[in-house]
Amino acid sequence: MAPTKVGINGFGRIGRIVFRNAIEHDDIDIVAVNDPFIETEYAAYMLKYDSTHGQFKGDIKVLSDGLEVNGKKVKFYTERDPANIPWAESEAYYVVESTGVFTTTEKAKAHLKGGAKKVVISAPSADAPMYVMGVNNETYNGEADVISNASCTTNCLAPLAKVINDEFTIIESLMTTIHSYTATQKTVDGPSAKDWRGGRTAAQNIIPSSTGAAKAVGKVIPELNGKLTGMSMRVPTATVSVVDLTVRIEKAASYDEIKEVIKKAANGPLKGILAYTEDDVVSTDMNGDNHSSIFDAKAGISLNKNFVKLVSWYDNEWGYSRRVLDLLHYISKVDNKQ
């Protein structure tokens, strides 16, 4: 199968990291990018230099109407309205919607007017079906024009929750994500009328925050609906976050038995999605890791055979962006069979 031709709307944090990931993804070919706020010369600069993930290793040339990256032309558009982006011109029939603005089905569907066939929103959506690779992607049947790749935290949590629930049955669970700061936070204290704590400087504080990531697991694993909720602690790190999952299980098991089940899944059906480590890792060790979830065997604890705390890392930028591309390629394969 030929690589899936993809367009990106929004060349911000996730848009650029999706692009970088695509260079390593043989099944994806980025052919077009749209961003009304970034000129091509600036786009080249932002792609080349990244404070968190380092300098781009490939060749970038600025053209009159786009970029040439590693010898391949990428068309650039500057349309504010998704309906006006001529995706068909570049045969970009699959689009990553990464502006963070057009996250509903109705808004994201505007891409179809320009020739896109399918849109993957790189964020949770209020109404678009959500898919998490390794968890419920096989339920995709090609009918939806707009789908969501859920959130980075849901992508970390859901594979782990699936393994535990499949083997031991989850009765109830609470999650905390210790999450790196993101672009929505403040460099210094500033006004934030809807979230007072969120207006405090990200660089100096641990900031309690809400997250819908745990509840979203109930959408991709229906049997966990109502059994799982969670919160977030925003911390002063640039990338790599960690899920702390405290779970009560029906089938009694020692922590060692639970570890073995997770290890088996990581080396089997969830290989490439879920990883397993017994190393003494810290957050920066996962910078640039492609996995959705890296289970830390040494960090977890159990109170008894029915009550356990599990810890799993994720690069909330890099690993998530890789799953966006994996989902795009997966749905294109399903679509091509129909």
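Note that Cβ sites are derived from N, Cα and C of the backbone, with glycine treated the same way.
Sequence annotations record features per position, and here Swiss-Prot assigns active site, nucleophile to Cys152 based on sequence analysis. The NAD(+) binding site annotation in Swiss-Prot covers Arg13, Ile14, Asp35, Arg80, Asn316. The D-glyceraldehyde 3-phosphate binding site feature in Swiss-Prot is assigned to Ser151, Cys152, Thr153, Thr182, Thr211, Gly212, Arg234. Summarising the annotation, Swiss-Prot assigns site 'Activates thiol group during catalysis' to His179 and lists similarity to another entry as the type of evidence.
Secondary structure at Arg234 (D-glyceraldehyde 3-phosphate binding site), as computed by DSSP, is strand. The recorded positions considered are Arg13, His179, Arg234; of these, Arg13 has the fewest other C-beta atoms within 10 angstroms of its C-beta. Taking the Cβ of Cys152 (active site, nucleophile) as reference, residues of its chain lying under 8 Å away and at least six apart in sequence are, in sequence order, Ser241, Tyr314, Asn316, Glu317, Gly319, Tyr320. In the three-state DSSP scheme, Asp35 (NAD(+) binding site) is classed as coil. Applying an 8 A CB threshold to same-chain residues 6+ apart, the list for Ile14 (NAD(+) binding site) reads Ser98, Ser122, Glu317, Tyr320, Ser321, Val324. Within 10 Å of its Cβ, the residue among the binding-site residues Ser151, Thr182, Thr211, Asn316 with the fewest other Cβ atoms is Thr182. For Asp35 (NAD(+) binding site), the same-chain residues 6+ apart in sequence whose C-beta sits under 8 angstroms from its C-beta are Asn9, Gly10, Phe11, Gly12, Gly15, Ala43, Phe76, Tyr77, Thr78. Across the fold, the C-alpha of Arg80 (NAD(+) binding site) and the C-alpha of His179 (site 'Activates thiol group during catalysis') stand 31 Å from each other.
Scoring each of the binding-site residues (Arg80, Thr153, Gly212) by how many neighbouring Cβ atoms lie within 10 Å, the top position goes to Thr153. Shown in sequence order, Thr177, His179, Ala213, Ser232, Ser241, Asn316 are the same-chain residues outside Ser151, Cys152, Thr153, Thr182, Thr211, Gly212, Arg234 whose Cβ sits within 8 Å of the Cβ centre of the D-glyceraldehyde 3-phosphate site. When secondary structure is read from DSSP and collapsed to three states, His179 (site 'Activates thiol group during catalysis') falls in the strand class. Looking at Thr182 (D-glyceraldehyde 3-phosphate binding site) and Arg13 (NAD(+) binding site), their Cα atoms lie 9 Å from each other. A straight line from the CA of Arg234 (D-glyceraldehyde 3-phosphate binding site) to the CA of Arg13 (NAD(+) binding site) spans 17 Å.
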